[in-house]
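Below: the structure, in structure tokens.
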Amino acid sequence: MSGRSRHARAILGEELYGRLSETKVLLVGAGGIGCELLKNIVLTGFGHITLLDLDTIDLSNLNRQFLFRKKDIKQSKAMVAAKTASAFNPNVKITPIHANIKEPQFDVEWFRGYDIVLNALDNLDARRHVNKMCMAANVPLVESGTAGYLGQVQPILKDRAECFDCVPKPTPKTFPVCTIRSTPSQPIHCIVWAKSYLMPQLFGEDEDSGSELDEAEKQGENAKEIAALRKEAQAFKAVRAALRSAPAEEASSSSAAKLVFNKVFHGDILNLLSMADMWRSRAPPVPLDFDAIRAGTFVLNRPSQNGNTASTASGQANSSNGSTSTEKALNGNGASTSTAATPAAGGAGLKDQRALSLQDNLELFVSSTERLAARLRAGEDTISFDKDDDDTLDFVTAAANLRSAAYGIPGKSRWEVKEMAGNIIPAIATTNAIIAGLIVLQAFHLLRRSYSSLRNVHVQFKPSMPLSAIAMCPPNPACGVCRDTYTEILCDPARVTLKQVVDGVLGRGADTDMDSNEGEGPEEVCVYEDKRVLSDPDWDDNDNRTLESLNVTRGKFLSIVDEDGEYATIQVAIGALPPDHPADGSALILPSPLPKPPRRQKPRVATPSPPPPPTTTSKKRAAPDDEIEEIDAPSAKRARKDEDAPNVAASFTPSKKRRLEEDGLIMLDTAEEKIEEDPDVIEID
């Protein structure tokens, strides 16, 4: 017994330890949790590890992702982590993959090649994808996550424990377009505007922002504001051209930055102020003056909601808009009165954490705009925000603070902007290490098949109880992921049509020779790919189109949904034909046996118990019976057919027609069909 494995053998036992060397593990993610977890499973003795991550190493990763060094910055996390961890145990084989887990080659068959999957992701969409693939492949999954001092480990096993999607996840916080673009009221509004709107407009791809405004208009946002924003978007074209053209002379190197400033912080604000209705219930913004701020003579005159003007000079505070120190900083008269070139300004605080004056923000805006413009002229096509890119971080910081000043909103330090704009969830190395250890413990239970020992474990910010272990909950019967019926087909998407796949999976094809589904399963179905409707009983335009023409290819799912809702949804995973499949062979290989979706259990409707009779002890007089009026819900009106109308087949399926009638809608079979005159019926052409 070697010294390397002595402790692991003693703790795990000969049987489990012997199986580890043959266990195939997929580890998705090589970040904070991933580095700790890779170290753990390598030292434990898992023999075959595949490490997949799309990300590259940033400077900000080095404080907690200990497998990386400064020389590794900009390199693949998966490649560097695998190389570093291989030295921990030469008996372990680590296969690194620098790719996106959602790429088509990582299909259900690929997932099926692993004994267990360990998730160390920080992306909600990717976590949902891995969860669904594990459900389809029937492979155990251990999900995890951390946020500061908090963490969670969740073992997931199909049909035995709830999956990642059994419990709805909160949607990310979003803001209305007009709030971000016209009426900010919080620092985060200005930061999102600078990062997600201004920077892409100036340094990103030349895209028409009309689609975003069209969607905002559909959502019922202010039409006048949207019209002004459309005009504003057109004016950006000239500004973009100025940033990409070389300056005529060195003295005018800041002319492009000044042009951007005057467009964004002066002209656009004047346009907004022309819409008086917008400022009836809120304080209007103040246009900024480039030359006056640079000369130190600019004073913020902030009109109040009632139309009066409050001048804020040096040393004077506006009680409705913040403290004296905030107003001094906004006007360039605070503790930091020098330009950003003076690192000592701001007192003893660190450079990134000191408060920036209005002058500081202007100089930082000019400097960062010039640096970014120089990068465009040097050949970079587009520049996007990166919290570790000093040029982009400086630009977003300065632009957000200048906008905050115009709207009377307190500014933020460079450090705070980096935290907010980078969507940084506080990461603590100790929490990551605890979670990584708990993941391995739950993985042991799954490999032993000790399902009764599985626990959903939480790391809490409670000194008296830092860990809480909760017994696993059964799957949510209403879950739209783990309660579906999964199957897989192998096909050539360029030769197989949508109808062939649906009929084949449902046992309707002439060449299936399977009568087992006769009389069972859904009769009328809708077909989806993700959120796209591809077919339904009343629309079959895509039935004879190939899967490739519908962009349904390897790694994707077709969802076959029962129109009547009686049977569970069938999820059809699209796989590739075997490499040795004959060229003249069938373009579609169906699963055997065919899937048999179970009937959905209809929830029992509790019959309300009649109210108890009034007691004789009550001194209140009961209402007389004739004062109680029982109102029935309106029922759907049946259409009266014209005697002379031809008998034409209904254009809607019976099930859909029945559901529409239950909702109070009447679908007429022919154009000649008449409706009984009734004031409650509205006729729609």
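Placement of Cβ uses the backbone N, Cα and C atoms for every residue, glycine included.
Note: TrEMBL annotation is automatic and uncurated.
Look at TrEMBL and you will find 6-479 tagged as domain 'THIF-type NAD/FAD binding fold'. Annotated ATP binding site per TrEMBL: 29-34, D53, 61-64, K77, 122-127, in sequence order. Annotation comment: TrEMBL describes C163, C166, C479, C482 as Zn(2+) binding site. According to TrEMBL, the feature active site, glycyl thioester intermediate maps to C178. Sequence annotations record features per position, and here TrEMBL assigns domain 'Ubiquitin-activating enzyme SCCH' to 184-418. If you look up TrEMBL, you'll see 303-346, 583-664 marked as region 'Disordered'. Feature annotation from TrEMBL assigns compositional bias 'Polar residues' to 303-328. Among the features that TrEMBL reports, compositional bias 'Low complexity' is placed at 331-345.
For C163 (Zn(2+) binding site) paired with C178 (active site, glycyl thioester intermediate), the C-alpha to C-alpha distance reads 38 Å. When the recorded positions C166, C178, C479, C482 are ranked by how far their Cα is from the Cα of D122 (ATP binding site), C166 comes first. Taking each Cβ in turn and tallying the other Cβ atoms within 10 Å, the top scorer among the binding-site residues G29, G32 is G29. D125 (ATP binding site) sits 15 Å from C166 (Zn(2+) binding site), counting Cα to Cα. Other than the site residues C163, C166, C479, C482, same-chain residues with C-beta atoms no more than 8 angstroms from the centre of those residues' C-beta atoms, the Zn(2+) site, are N131, M135, E162, F164, D165, P475, N476, V481, R483. Cα of G29 (ATP binding site) to Cα of C479 (Zn(2+) binding site): a distance of 26 Å. Separating the Cα atoms of N63 (ATP binding site) and C479 (Zn(2+) binding site) is a whole-number distance of 39 Å.
Note on the domain 'Ubiquitin-activating enzyme SCCH' (184-418): its mean pLDDT in the predicted model is 75. Of the recorded residues, D53 (ATP binding site) and C482 (Zn(2+) binding site) place their C-alpha atoms 25 Å from one another. Rounded to the nearest whole angstrom, the C-alpha distance between C166 (Zn(2+) binding site) and C178 (active site, glycyl thioester intermediate) is 34.
C163 (Zn(2+) binding site) is surrounded by 24 other CB atoms, counting those within 10 A of its CB over all protein chains shown. With a 10 A radius on its CB, D125 (ATP binding site) counts 8 other CB atoms from all the protein chains. Taking only the Cα positions, the spacing between the residue listed as 'active site, glycyl thioester intermediate' and C479 (Zn(2+) binding site) is 35 angstrom. Long-range Cβ contacts of C479 (Zn(2+) binding site) within its own chain (separation 6+, distance under 8 Å): E162, C163, D165, C166.
Of all Cβ atoms in the protein chains displayed, 20 besides its own lie within 10 Å of the Cβ of C166 (Zn(2+) binding site). Annotation for the recorded positions C178, C482: lowest Cβ count within 10 Å of the residue's own Cβ, C178.
When each of the binding-site residues D53, D122 is scored by how many other Cβ atoms sit within 10 Å of its Cβ, D122 comes out lowest.
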